[in-house]
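As recorded in TrEMBL, the features of this protein are as follows:
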- 218-384: domain 'Helicase ATP-binding' (DOMAIN)
- CYS443, CYS446, CYS488, CYS491: Zn(2+) 1 binding site (BINDING)
- CYS452, CYS455, CYS470, CYS473: Zn(2+) 2 binding site (BINDING)
Amino acid sequence: MSEPLQHYAKVAMPLPLYTYFDYALNAEQSQQVVIGGRVLVPFGKRKVLGIVVELSNDSTLESTKIKNVLECLDQVALFDATLLKLAQWLAQFYIAPVGEVFATMLPSALNKGASATPAAIYYLTSKQAFSSEDKQRAAQLLARSKQQLNLYERVSEHDLRLSQLKSEFSNTVIKGLQEKNLIELVEKPEPTGQWQQQIVLGSKQRPNPEQSIAIASINQASQFTVFLIEGVTGSGKTEVYLQVIEEKLLLGKQVLLLVPEIGLTPQTVKRFQRRFGDVVAVWHSGLTDAERLKVWQKAKHNQLGIVIGTRSAVFMPFADLGMIIVDEEHDESFKQQDGLRYHARDVAAYRAKQYDISLVLGSASPALETLHNALNKKYRHLQLLQRAGGAAMPVMKLMDLTGLPLQSGIAPAMLVRIEQTLKKGEQVLIFVNRRGYAPALICTECGHVETCNDCDTPFTVHVTTNNLQCHRCGQNKAYNAHSFKPKCSVCSSQSVTTQGVGTEQIQTFLTEQFPSYSCVRIDSDSTRGKRKLNTLFDEINQQKHQLLVGTQIVAKGHHFENVTLALILNVDSYLFSSDFKAPEKLAQLVTQFSGRAGRANKPGEVWLQSYQVSNPLLQDLVNNGYSHFARTLLQERIAAHLPPVSWQACLRVEHIDQKTALAFLVFANSLFSQFKHLRYFGPFPAGVEKKQTRYRYLSVAQADTNQYLNKALEQVRNSLHKHSLSAKVRWAIDIMPADFS
Ligand SMILES: Nc1ncnc2c1ncn2[C@@H]1O[C@H](COP(=O)(O)OP(=O)(O)OP(=O)(O)O)[C@@H](O)[C@H]1O
Ligand SMILES: [Zn+2]
């Protein structure tokens, strides 16, 4: 007997709602519909695409109230059972609206209704079997066109992809043969699993003993295991990834490699493509919707071996996933800061468990939560203590700034070092945490600071674009720094002056100081567009520039062989933050940045300029390195009962009226107070207290276990939802927030 037909579908809608909706299916739709596929349904006056999560024979709603499904879009599920389960876990873990979870997991083309089926491939095929008689006949027929004959003979040997022939044969040639009825165009789906034959293995490095142990351990794991590779910068972590990936690919398994920002590390992608050939696809926000859809389809239909992607690649459907790697796992860009506030590393862990495969986390400066799990033996801990290929670790030193006359923020002794390094024919890398010329413009007469009204934030002076910019909201206004005498907008005095230094200023200063050397700026202003960054890196490696001035961008995994001096202008700003994670972030930044120095055969030196050289944190980091520093910090966190030994959630509220935002948080705190084992703090102003005219406040709730926190927050969420201010203010729950900004 056949299964009874399913008359109702439970649908997840891409809306900030926490429940599913029932829709009725007609007889035809009951046969078409698939769980995990999209349906078009009426919602109010709109038509909306939702995901079918369940089918059933009855509904709790009255049948007259149930609307009908308008259309079933997919024949194949976009979310198989595993991905459906992942979506439900995400909604639960992040206390998030389930429909939004589904929408976040899909590429936007599919949310907009594009077909999920991979486009067919066109082939040319010959019309008949190819006997010697045919050959003669064709030769006569095609006597006047050598090109056509050539194509005909090739197609007769085997079917050929149209796209591959287009570069060799003109349309006229192809059309001509079709009209003579000798060949025809056929559509075929792209074959699955064929990427395995397309792997072209590049040569590999002979692993050193530490790398060998790491590779062997990872290769031996036959079930769900999380590895932390804690390897100093330049220790050859990437080489370990390459070798363990190769092992999986040769078994026919697909691999997902998550990286913080692909645009910033084009060298890494090239390295993977050189090593494995055409089976590597990249996924990041710089791709078009269509390009991303293609990668998604190929992963799902087993038409590629490796996806190298940023955060959202963690939701990629794979036909046969064999391993997930998260490179630079400490990086904050793995945490989504709006909508579904997920952490890609946590999602990766859940997926690895689902598929019973390995998750490899790698970093020279692991996040404290990862380190904690490794030290507790929840994760397998692999360490690479030596730089691969014989390079020494750079020496880290502190430069005491007290009482020194600085020029554009640089100490006199540092200028001497820079000159010595340049004279040796080596490169210098300088880190400043500000783009632009200067972070503020003030009037020395009346004290007025030019400020963005919408954000209560000083404007940053930009000389290259001749304007003042708000780095919070992007607002800008014209300002000509070169004009004869700029005026204060309040008292009209001409004694306005810039405060602090940014990348532009240092570039200008160093260019004046060292006119015979080229100085480049590497920040988001100077590198708009991916080509530009690529070109810049190539030029740096070709030694066209000797002085490199950059923001956070320069701290990310780049390999500059000839940089031997690295300088961090001001580390103090990180020492006085109210965020308990600030020291961890500072140490990660310093470690990653200093890892850019002395990577080849010349020793590197890293200088941190500070007014606080006796600060114990700085001392520990400089003298003992990240590994020691992080363990000390972890002990402090444990003593203070802070994450990773406790769990936090942050409730963020925004409104144009301060009081309204605060009132909502006061109500939230009264809800928190009903849970005996929940501690809560706040309301506090967020790190950025005002942005785009809205005031921003937050409260933090903390519990010993995730289970307790989760249960409490779910109830709090439900009560908040019913509050009259809920629809007025903007609010969000952020589980294990990356910061309080
Ligand atoms: N076994 C090896 N023998 C010789 N050279 C090696 C070996 N492994 C890696 N290298 C080289 O050492 C350099 C650093 O390696 P790799 O980029 O893999 O390090 P990493 O740990 O990923 O660095 P980072 O932490 O900076 O991202 C590269 O030039 C690489 O080619
Ligand atoms: Zn602003």
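Every residue gets a Cβ built from N, Cα and C, even glycine.
Keep in mind that what you see is a predicted model, and the values were worked out from it rather than measured.
On the structure: features taken from TrEMBL.
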{"residue": "CYS443", "record": "Zn(2+) 1 binding site", "contacts (Cβ under 8 Å, 6+ apart)": "VAL449, CYS488, VAL490, CYS491, SER493, SER495, VAL496"}
{"residue": "CYS446", "record": "Zn(2+) 1 binding site", "contacts (Cβ under 8 Å, 6+ apart)": "CYS488, VAL490, CYS491, SER493"}
{"residue": "CYS452", "record": "Zn(2+) 2 binding site", "contacts (Cβ under 8 Å, 6+ apart)": "PRO458, PHE459, CYS470, ARG472, CYS473, GLN475"}
{"residue": "CYS455", "record": "Zn(2+) 2 binding site", "contacts (Cβ under 8 Å, 6+ apart)": "CYS470, ARG472, CYS473, GLN475, VAL688, LYS690, LYS691, GLN692"}
Show, in sequence order, which residues other than CYS443, CYS446, CYS488, CYS491 on the same chain lie with their Cβ within 8 Å of the centre of the Cβ atoms of the Zn(2+) 1 site.
GLU445, GLY447, HIS448, SER489, VAL490, SER492, SER493, SER495, VAL496
Where the C-beta lies under 6 angstroms from ligand 2, the matching binding-site residues among CYS446, CYS452, CYS455, CYS470, CYS473, CYS488:
CYS452, CYS455, CYS470, CYS473
Other CB atoms, at most 10 A from the CB of CYS470 (Zn(2+) 2 binding site):
22
Radius 10 Å, atoms counted are CB only; among the binding-site residues CYS473, CYS488, CYS491, which position scores highest?
CYS488
With DSSP assignments reduced to helix, strand and coil, which class does CYS443 (Zn(2+) 1 binding site) get?
strand
Check: same-chain CB within 8 A of Zn(2+) 2 site center, minus CYS452, CYS455, CYS470, CYS473:
ASN453, ASP454, THR457, PHE459, HIS471, ARG472, GLY474, GLN475, LYS691, GLN692
Can you see whether DSSP assigns CYS473 (Zn(2+) 2 binding site) to helix, strand or coil?
coil
Please work out the mean pLDDT for the residues of the domain 'Helicase ATP-binding' (218-384).
95
